[in-house]
2 protein chains.
Amino acid sequence: MVWDAWGVPSGHAPLPEKIRTLLAQVFGVSGEPVARRAADDVPLRPRALTGEQLAALSAVVGAEFVSSEHRDRLLRAGGKSTPDLLRRRAEGPQDAPDAVVFPADHEQVLAVLAACAERGIAVVPFGGGTSVVGGVDPARGRFGAVIALDLRRLDALVDVDPISLTATLGAGVTGPQAEKLLGAHGLSLGHFPQSFEFASIGGFAATRSSGQASVGYGRFDDMIQRLRIATPSGTVELGRAPASAAGPDLRELFAGSEGTLGVITEVTLRVHPTPETVAYQAWSFPDFATGAAALRTVVQTGAAPTVLRLSDEAETGLNLARAGDVGGNAVGGCLAITTFEGSAAHARARSAEANALLAAAGGTALGEQPARDWEHGRFSAPYLRDALLDVGILCETLETATSWSNLAELKTKVTAALTDSLTAQGTPALVMCHISHTYPTGASLYFTVVAKQADDPLAQWLIAKRAASDAISATGGTITHHHAIGADHRPWLGAEIGEVGVRVLRAVKQAVDPAGILNPGKLIP
Amino acid sequence: MVWDAWGVPSGHAPLPEKIRTLLAQVFGVSGEPVARRAADDVPLRPRALTGEQLAALSAVVGAEFVSSEHRDRLLRAGGKSTPDLLRRRAEGPQDAPDAVVFPADHEQVLAVLAACAERGIAVVPFGGGTSVVGGVDPARGRFGAVIALDLRRLDALVDVDPISLTATLGAGVTGPQAEKLLGAHGLSLGHFPQSFEFASIGGFAATRSSGQASVGYGRFDDMIQRLRIATPSGTVELGRAPASAAGPDLRELFAGSEGTLGVITEVTLRVHPTPETVAYQAWSFPDFATGAAALRTVVQTGAAPTVLRLSDEAETGLNLARAGDVGGNAVGGCLAITTFEGSAAHARARSAEANALLAAAGGTALGEQPARDWEHGRFSAPYLRDALLDVGILCETLETATSWSNLAELKTKVTAALTDSLTAQGTPALVMCHISHTYPTGASLYFTVVAKQADDPLAQWLIAKRAASDAISATGGTITHHHAIGADHRPWLGAEIGEVGVRVLRAVKQAVDPAGILNPGKLIP
């Protein structure tokens, strides 16, 4: 990952002419990118670890796996939200962990935690660094120093069970590495969030990630069979069976714990045979309500697509679901995408059932191509966001979920909160939305917001984000469907789980991390 | 429920002649039932509640909803396991709660908990009383008195959302009541455990119940959208969306908490339209391994039956899956049952896919009738168990789950533990097994054990049960797939969730129930 933007350098490209034209028309910006700081020129907060502390960490993992180098620290300075990038592009010194520690295995993670608990050093577990909610900010809490615990060396396919269709992966395995390792066994995980190319297995579990094929293969938490976790109080291994009535499911306490309760070091996951075929079918609906009702019918009937998405009128109009052609000719109405994976017969039977339902619900079949276009560009939206930031446009996303019956109300309220807030700041916004995760009882809503940057774009966005979060909370949505809590959503968690819920989280934290070194300032209110 | 056996009096009948013949041949028992105690003659432990305590409880719920009557106490003396019934049929006084309290609503539950916490009175939440793991034993812990908190007055369908296909039910609603209430809206829950006729919504949630249609509609915990819980520390309401990344899923901490962390008062559940059709199809497999592999293929392919079961050779030979004809002519091999529910087209498509897979995997189609027979008698096995107890036969069940790759080993080890243990006691046993809950990654195993009663049948069974539990734990199975922990499985929970897991449960308990009044002696090691 580059330090001040998403992804790899090769993913970044100048804005296409048609987008520059659009920006000039709508927002009156020229489309000329500003210069960014060179990584080596960025002053970092001075290192706070003592020689004794560095020696203790080196004694655990080896001196070559403890780095206080400028570049290593800078690359773990935080996540990839728009506020993160705005902060990183601003002038002045940059906060960063005091050192980056690279443990080799579970036992070294345990030993690092013990060493840090003893010395009062905060620990931020670090996977792909793709958090968009401040989840990997190098916060020190009440401690004088903080390390990033980078899990990339835990990169093995530990075990495959081709009978039970499960696989155990190290926490540091990235999305592409997982697919490659499993692919050698004819298997696939099928977890494709937008962060797929960089994010890690441990991060997926710690944040309850949800991929674009969640309708077909489930959310990441659904896939978890077994977790191995290192805590300052020792090892926890959870999950003996596909399902159990042996009391509370403690896996669900550590899944989504965002590094505050322990460091997930290994995850055993449900996998599936590499699909023989993929069937693609795109649809157009006259409006969002009709399209949403159609998706609802499909998922409530159990027609079982692998991917099922719907863009609203604004997103469809900008062609945002077809990354290669944003701003180009759109299909009109509301674009829906379906894919069906499995054996040829299975995919054929399921797509026939879903197609009949979608047609009966008012959809017009658009053939395969728009669905293939969506798939082709599905990981590239963050690069476009970065290019927009460079030319003075504010662009950010946020997401929520609710029941089907509350979906329209929630969409209206969040859209109004965003547009009102940004209009009131003198920067009218374009707000687009899609449904990308559906369940029999409800769905997610994913918003993309575009406006002209104000003089202080960070403050500008935080006002809009707060308004949207308040609207989500007041309208009964969850503050996050798949981005997690981190630091940014923490003020809204209390309303969601209540006072007793917060007390429970604090009690668990106290039990497993009595010194409080694990990811301070995240998740727990 | 009758006090010393399963179910209602009308469900009890003398053993059919063919079973009596079989018992005489195999176990040398005559088949003549022994006389049981009349309820009114059973001496109960003296009431321990003071006048002030009773007055305080009456002040909350009204005097007519606090009972210290002999019959009310006796009917809440515990659950319905074979050890429970053996204890109840033995001579001597019977333990029982000191009073039974019937709150009207959530607020009264909160107030009862507060009154009991203040006065040091243990509280056993009581639904249908169908626990087979000692989950509703009137244990006092360190307190002088205990009440049964009977939730039957929380019997409303609180809310229906026909768009989102969810419904909110009071904790005291029983299985049949739920289906009736929902049926009036054209909806069904589809949760049909063997305890269906008596057990309650709150109990299903508190014990992670799993019904016979779990392949189609999910386990009960899968159905939970929202929980309302009264704790001594206040109300908890959890679940805002079909799915969320807002930290740990605390619903999964209260689901399966067995009344030790709070009293579940309302549950919002995923429901579905009353199915238009049900397709039935039975199969025979030459042996259990072939049948298990066939079921695995079906569930891993996503062929989506509603019910999917397989009896082993011994269970098939005794015709145990066809309650009306136990001991009669069996189909031979291993009997498998499938049903498919939904629209006619949906059921047809799914059954066609599954039928092709089952036939290709070595199954012989047996037509509809054995599947209909199974459905017809599916709630009646506990009555047969009771009749066997009456004639000097020991009969009990236990269950576990594991991955597909570990299933054969686990079945072998548990069967050996049971047969070896009972043979060593001079009472050779018949051990039968079926798979009734399947998942892409594994399955449950449900064992039925029959032997001649020894002089002390309770001690005889506890030795066998301990051997089976040790075998489950050592072979990597879960100590319970759907019966819960209660008092009986508590010694094995520590091995399953580890020392840190136990510490977490204790910390949560301390946070929500600092006085420790909730269901002492259950679940938490």
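Keep in mind that glycine also has a Cβ here, set from the backbone N, Cα and C atoms.
The domain 'FAD-binding PCMH-type' annotation in TrEMBL covers A:93-274. Per TrEMBL, FAD binding site is recorded for A:125-131, A:207-210, A:258-264. Per TrEMBL, the feature site 'Important for enzyme activity' maps to A:Arg309. Taken from TrEMBL, the feature substrate binding site covers A:Arg385. Summarising the annotation, TrEMBL assigns active site, proton donor/acceptor to A:Tyr446.
Distribution of TrEMBL features across the structure.
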residue	record	DSSP class
A:Pro125	FAD binding site	strand
A:Ser131	FAD binding site	coil
A:Ser209	FAD binding site	coil
A:Gly259	FAD binding site	coil
A:Arg309	site 'Important for enzyme activity'	strand
A:Arg385	substrate binding site	helix
A:Tyr446	active site, proton donor/acceptor	strand
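The Cβ neighbour count for A:Gly128 (FAD binding site), using a 10 Å radius and every protein chain shown, is 24.
Here the C-alpha separation of A:Arg309 (site 'Important for enzyme activity') and A:Tyr446 (active site, proton donor/acceptor) works out to 11 Å. Long-range C-beta contacts of A:Ser209 (FAD binding site), restricted to its own chain and to partners at least six residues apart, with a cutoff below 8 Å, comprise A:His191, A:Pro193, A:Ser195, A:Ala199, A:Gly203, A:Arg219, A:Phe220, A:His482. Between the C-alpha atoms of A:Arg385 (substrate binding site) and A:Tyr446 (active site, proton donor/acceptor), the distance comes to 15 Å.
The two recorded residues A:Gly128 (FAD binding site) and the residue listed as 'active site, proton donor/acceptor' have their Cα atoms spaced 22 Å from each other. The residue listed as 'active site, proton donor/acceptor' is 25 Å away from A:Gly259 (FAD binding site) when you measure Cα to Cα. Of all Cβ atoms in the shown protein chains, 23 besides its own fall within 10 Å of the Cβ of A:Arg385 (substrate binding site). Taking Cβ-Cβ distances under 8 Å and a sequence gap of 6 or more within the same chain, the neighbours of A:Tyr446 (active site, proton donor/acceptor) are A:Thr397, A:Leu398, A:Glu399, A:Cys433, A:His434, A:Ile435, A:Ser436. Once Cβ contacts within 10 Å are tallied over all protein chains shown, the binding-site residues A:Pro125, A:Gly259 are led by A:Pro125. Each of the recorded positions A:Ser131, A:Gly262, A:Arg309 was scored by the other Cβ atoms within 10 Å of its Cβ; the lowest score goes to A:Arg309.
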